[in-house]
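Novice: Pasting in a structure now, in structure tokens, and then I'll have a few things to ask.
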């Protein structure tokens with residue numbers, strides 16, 4: 001275990017201030033804290049699980065006991081109940097300063113407990129020993145793209161709006177804004193608002209944008225009668241705005257230019273006082289972005305300048321070679337056309353890339369591929385010529401188009417948990433596979449690297465550790481209802497709110513972390529934990545593990561459970 005947990009154990013035994021080991025858990029993802037590649041002792045694993053939820057109900061009680069000389073928190077509270085206003089104020093601030101002092105003393109130790117960005121994180125226990133067949137999406141799974149691609153998509157779609165949909169020429173003044181949006185955001189089609197929503201359908205105030213400008217919290221609360229978005233208004237299963245759903249969720253990395261363009265066009269119309277229908281705007285932008293892909297404009301641009309658009313450095317070739325040499329079966333199912341995939345894989349892996357795969361399926365039309373039984377497979381030649389013959393088996397070295405998963409399962413017999421499929425789109429790539437077909441799933445989340453690096457910084461560690469300590473103070477001191485005490489507590493609450501905004505801004509000044517809305521998981525994060533058995537920044541993370549490795553999710557105590565588990569003292573650890 002890390003030095004932090006051992007130090008916390010020592011503090012607990014000495015009846016001193018206890019700061020939760022779970023300091024990063026508040027703003028990270030449920031599985032970001034531990035580098036599972038590192039070996040741990042039995043005691044270390046025990047401490048890792050035990051200290052995760054121990055902060056609640058402990059911190060302030062310990063300090064109070066020291067300050068008052070009382071045997072426990074209850075006595076400490078009782079002995080101050082009759083104190084004067086000034087005495088209470090002084091007493092509360094003494095608790096505050098002592099808590100902060102001891103919190104800051106832990107920062108150097110906590111800072112050493114960094115997370116390895118190349119770790120594979122588990123939502124569900126899974127052993128690579130059981131996996132015989134590996135499947136892959138192409139875009140943002142085998143192939144990674146530079147930010148130049150987002151600029152390209154934005155510019156082409158913007159010009160399509162102007163030339164084909166007769167939008168104002170003034171839109172050409174707008175350029176793609178890197179780091180303005182994050183994945184997983186929701187867009188209210190009827191209100192033209194982009195926002196971040198948490199796992200409980202609550203809007204994170206401060207993250208609602210109309211065009212390029214934030215909407216005041218009071219206005220948001222008035223529009224939605226609070227912050228909650230009813231289930232019937234949320235996006236459908238695949239994140240789309242359809243069948244009466246007013247929200248659209250942007251789940252894939254290709255959606256970043258689309259969100260940018262929506263914001264820019266909205267901004268232009270508002271700036272120039274142009275009356276417009278938000279639903280029409282959304283549909284036009286969606287159509288323009290679709291044309292960039294469907295008409296092959298993006299594909300031709302990337303093929304013409306591979307070095308500019310494809311980021312070769314994710315060690316895709318090394319991963320595929322390792323799997324091939326270990327005798328694993330491999331297949332590719334992608335929505336991209338064969339010419340585009342072929343040129344990209346030639347660039348990334350080499351001309352013999354097809355020798356590594358047992359089955360290659362292009363233009364699969366996911367997620368329909370996983371549900372629609374009507375589309376048969378069709379063989380296509382290297383030059384794009386379609387064959388009309390019935391497909392009786394899927395052969396290595398040949399290329400297939402469309403088809404459906406049910407036919408795929410019948411022809412290959414590749415069923416159940418011996419299959420592991422990787423993709424970047426939580427819905428289109430992974431949801432149906434895990435819910436309906438029992439395949440194991442791996443999510444590729446490139447944003448992880450950046451977020452983990454931020455979480456490892458001294459600034460973030462300092463913010464989150466004190467935020468936890470301050471939250472504990474507020475939780476316990478709120479019981480003092482006299483005016484003097486409440487005045488102090490209100491000051492603490494304001495400080496806490498300011499710190500929460502800082503923790504948001506440290507990831508993205510508009511929308512914060514991909515994984516957290518302050519302390520709650522985001523809507524994206526909840527779906528990730530449901531549909532992906534494991535997740536990682538890139539396929540290259542697989543190079544850090546052998547094929548006998550088992551990934552274990554941490555057993556984090558539920559809110560009603562004790563942080564100290566009787567079964568954790570057994571030899572099963």
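Please read every residue number as a count from 1 along the shown chain.
Glycine residues also receive a Cβ, built from the backbone N, Cα and C atoms like all the rest.
Caution: TrEMBL annotation is automatic and unverified by curators.
Sharing the features that TrEMBL gives for it:
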type: ACT_SITE; residues: 137; note: active site, nucleophile
type: ACT_SITE; residues: 139; note: active site, proton donor
type: BINDING; residues: 137, 424; note: Mg(2+) binding site
type: BINDING; residues: 139; note: GMP binding site
Novice: What count of other C-beta atoms do you get within 10 angstroms of the C-beta of the residue listed as 'active site, proton donor', across all chains shown?
Specialist: 22
Novice: Using C-alpha atoms only, work out the spacing between residue 139 (active site, proton donor) and residue 424 (Mg(2+) binding site) and round it to an integer in Å.
Specialist: 8
Novice: To the nearest whole angstrom, what is the C-alpha distance linking residue 137 (active site, nucleophile) and residue 424 (Mg(2+) binding site)?
Specialist: 8
Novice: In sequence order, which residues at least six apart in the same chain have a CB under 8 Å from the CB of residue 424 (Mg(2+) binding site)?
Specialist: 137, 139, 140, 141, 252, 253, 443, 444, 445, 446
